[in-house]
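The disulfide bond annotation in Swiss-Prot covers C110-C187. Taken from Swiss-Prot, the feature N-linked glycosylation site applies to N2, N15. If you look up Swiss-Prot, you'll see K296 marked as N6-(retinylidene)lysine, on the strength of similarity to another entry. The region 'Disordered' annotation in Swiss-Prot covers 332-354. What Swiss-Prot lists as topological domain 'Extracellular' is 1-36, 97-110, 174-202, 275-286. Residues or ranges marked as topological domain 'Cytoplasmic' in Swiss-Prot (evidence: a curator's inference): 62-73, 134-152, 225-252, 309-354. Per Swiss-Prot, the feature transmembrane segment maps to 37-61, 74-96, 111-133, 153-173, 203-224, 253-274, 287-308; the stated evidence is similarity to another entry.
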Amino acid sequence: MNGTEGPNFYIPMSNKTGVVRSPFEYPQYYLAEPWKYSILAAYMFLLILLGFPINFMTLYVTIQHKKLRTPLNYILLNLAFANHFMVLCGFTITLYTSLHGYFVFGQSGCYFEGFFATLGGEIALWSLVALAIERYIVVCKPMSNFRFGENHAMMGVAFTWIMALACAVPPLFGWSRYIPEGMQCSCGVDYYTLKPEINNESFVIYMFVVHFLIPLIIITFCYGRLVCTVKEAAAQQQESATTQKAEKEVTRMVIIMVIFFLICWVPYAYVAFYIFCNQGSEFGPIFMTVPAFFAKSSAIYNPVIYIMLNKQFRNCMITTLCCGKNPFGDDDASSAATSKTEATSVSTSQVSPA
């Protein structure tokens, strides 16, 4: 074996030289130089510096402006809340452990950080699934006389949390476990060992199939059909120009969010699955650290994309930051005309046969 397995950890280095120590008790500078841990700490500080205000303002602006509280935005608000939770409960811990070069909070802290990192990532994934299904229902109209409203949005939010908890909770109760990964400063699901006494192999397979592959299949199907429907509607002029424009804008925003999610999480999923399928193979700590820390940036890009691509939300954000007055002239009064087109007509539109 090219790694060293302990009671609650796995170090990606053989202990033939006798230098391997518990990541809960000793600095792991034999895995990487101290300056590399400093880079990880600086990166986490940057994510906190950006992630906290961005997600907080997303929540605050949505609560402040009634016209933003539409069914579609419930899922986006849920996403911002989960990201905010990740920043406060996960990133701060990882920043502190990176500064010390090992996971100073012990096994309990590892379970705490691993749980919230997994929960936040899964809420983001299932939120994108809910958004894809909502877009598919509204734009593709698979059901006649169906109106997507507040109750459906709340059900979608509840669904994201149920599915995320179904992935993040089992390791807390003995089906798999959370252990330090990579350079041993952050924690995640144990992809490194089979660990039959905790049925680790079955959990990893369950996680990849149910909580990664199936969501991606649903998202791919929904947006594949959606793109075809939007093109057909544009060619046949079946809907008004304003409705088509609103649907295209919201659809573009969500598709970009999905693309960025894949950019952030697919490398991590690929590396984790590779390690799992090649038990005992040789790999350095950086091999898992880079995709794991890169995946954490997902807590920032979704609200940024939403602010950049949604004119109504952008105007509300500027109005809030400028104490109730938009210096660019697109304040609440001037944007009222576009409110229905960009939000209400898309998220709560009556779906009827074409």
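Positions of Cβ are set from backbone N, Cα and C atoms, glycine also.
This view paints the features noted in Swiss-Prot onto the structure.
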{"residue": "N2", "record": "N-linked glycosylation site", "contacts (Cβ under 8 Å, 6+ apart)": "P12, M13, S14, G280, S281, E282, F283"}
{"residue": "N15", "record": "N-linked glycosylation site", "contacts (Cβ under 8 Å, 6+ apart)": "T4"}
{"residue": "C110", "record": "disulfide bond", "contacts (Cβ under 8 Å, 6+ apart)": "N8, F24, F103, Y178, I179, P180, C187"}
{"residue": "K296", "record": "N6-(retinylidene)lysine", "contacts (Cβ under 8 Å, 6+ apart)": "M44, L47, M86, G90, F91, T94, A117"}
Whole-number mean of pLDDT values that fall within the topological domain 'Cytoplasmic' (225-252):
71
Counts by DSSP class (helix H/G/I, strand E/B, coil) across the topological domain 'Extracellular' (97-110)
9 helix, 0 strand, 5 coil
Residues of the parent chain within Cβ reach of the transmembrane segment (74-96), under 8 Å, 6 or more residues beyond its termini:
40-41, 44-45, 47-48, 51-52, 55-56, 58-59, 62, 104-105, 109, 112-113, 116-117, 119-121, 123-124, 127, 130-131, 134, 150, 153-154, 156-157, 160-161, 164, 185-186, 296, 298-300, 302-303, 306
At least three Cβ pairs under 8 Å linking the transmembrane segment (287-308) and the transmembrane segment (111-133), pairs spaced 6 or more in sequence?
yes
Secondary structure content, the topological domain 'Extracellular' (1-36) (per DSSP, counts of residues):
3 helix, 4 strand, 29 coil
Using DSSP and three states only, what is C187 (disulfide bond)?
strand
Stretch in 37-61, 203-224, 253-274 most in contact with the transmembrane segment (111-133), if contact is a CB pair under 8 A:
203-224
So how many of the residues in the topological domain 'Cytoplasmic' (134-152) end up helix, strand or coil by DSSP?
10 helix, 2 strand, 7 coil
Using DSSP, would you call the residue listed as 'N6-(retinylidene)lysine' helix, strand or coil?
coil
